[in-house]
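Following: one structure in structure tokens, then a few remarks.
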Amino acid sequence: MHLFKDSLNLIVSSGNGGAGCVSFLREKFKAKGGPDGGDGGRGGDVIFKVKSNLKTLSLYRNGQKLSASNGKSGMGLKKSGAAGSDLIIFVPPNTSIYDADSNCMLFELKNFDDEVVVLKGGRGGLGNVNFKSSTKRTPRFAQPGESGLTLNLRLELSLIADIGLVGLPNAGKSSLISKITASRSRVANYPFTTKIPHFGVVRVSYNDLIIADLPGIIEGASKGIGLGFEFLRHISKTQILVFLIDVSSDDFMSAYDILINELRVYDIGLLKKKRIIVASKLDLEGATENFNQLKSILSEERVLGISIYDNIGINELVSEFFSLVKI
């Protein structure tokens with residue numbers, strides 16, 4: 001499990017150019033050959049590139065320093081030094097790059113395979129062969145390589161969750177997302193604990209799933225009551241909906257009906273999304289009987305049962321997430 005990062009700072013540097021070479025041709029029968037010092041290689045660039053299978057910025061640490069390679073120095077016999085290797089920083093789609101010092105946005109990478117050169121490497125210095133003239137037949141100097149550049153950047157990722165947890169207030173969404181991810185969604189026993197989406201990431205075999213703990217829905221949400229419009233705006237972007245229903249309450253079917261009705265009224269297309277019905281709080285009295293009744297009533301739905309405190313059904317639920325989401 002990894003903490004989801006939607007913003008972090010990186011200090012990136014392009015490579016220095018290699019120094020030009022001071023060299024003179026020395027061959028048999030040519031004791032005083034002319035200058036033959038080659039040019040230095042260019043320094044590596046800093047390139048940001050979108051990678052299709054990335055969903056988070058978790059490849060990097062906040063404040064991490066990353067550098068492209070320096071160019072190699074020139075050599076005799078007019079041989080140029082090798083160019084420094086570019087630094088390629090892979091990011092998910094919808095990543096914005098800011099100058100952290102000025103807070104100005106520099107670039108926006110939205111689509112797969114988008115790429116941008118953020119910093120050019122330093123130019124290689126000229127070798128002394130370039131400075132030979134009718135008045136300077138044996139130049140004993142060459143150019144140093146140009147220094148690379150450094151930027152303090154802030155990356156910001158626009159979050160789009162694969163899975164949206166929906167339910168009435170206190171259905172257990174925040175506790176569930178805290179259980180299966182590194183998120184620490186604020187948990188308390190009163191309605192509207194979640195007022196904005198909280199995001200967590202589940203990682204299995206280097207595949208990431210982004211899960212959003214969305215604000216609790218109430219009856220009338222489709223009319224803007226409570227946090228309705230905000231809730232429904234966020235939910236429309238997710239691939240899969242997870243209806244979390246508290247089966248320790250005898251009103252479990254009413255909770256299901258409210259969720260279905262509010263989605264239908266706001267946008268009937270939301271009901272076409274893939275969904276799982278998850279019965280929560282199986283550890284409480286009467287919950288198992290209600291869970292069995294829920295499965296019987298919703299026989300055509302995929303219904304799973306969990307208990308966060310007894311760890312019942314958690315692994316099965318995570319496996320179900322990965323089987324449904326297109327990684």
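Placement of Cβ uses the backbone N, Cα and C atoms for every residue, glycine included.
Feature annotation from Swiss-Prot assigns GTP binding site to 167-174, 192-196, 213-216, 280-283, 307-309. The Mg(2+) binding site annotation in Swiss-Prot covers Ser174, Thr194. If you look up Swiss-Prot, you'll see 2-160 marked as domain 'Obg'. The domain 'OBG-type G' feature in Swiss-Prot is assigned to 161-326.
Overlay of Swiss-Prot feature records on the structure.
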residue : record              : Cβ neighbours (10 Å)
Gly167  : GTP binding site    : 25
Asn170  : GTP binding site    : 20
Lys173  : GTP binding site    : 29
Ser174  : Mg(2+) binding site : 21
Lys281  : GTP binding site    : 26
Ser307  : GTP binding site    : 18
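Classification of Ser307 (GTP binding site) by DSSP places it within a strand. Comparing Gly167 (GTP binding site) with Ser174 (Mg(2+) binding site), their Cα atoms are 11 Å apart once rounded. Under the three-state DSSP scheme, Ser174 (Mg(2+) binding site) falls in the helix class. Here Ser174 (Mg(2+) binding site) is positioned 13 angstrom away from Ser307 (GTP binding site), judged by their C-alpha atoms.
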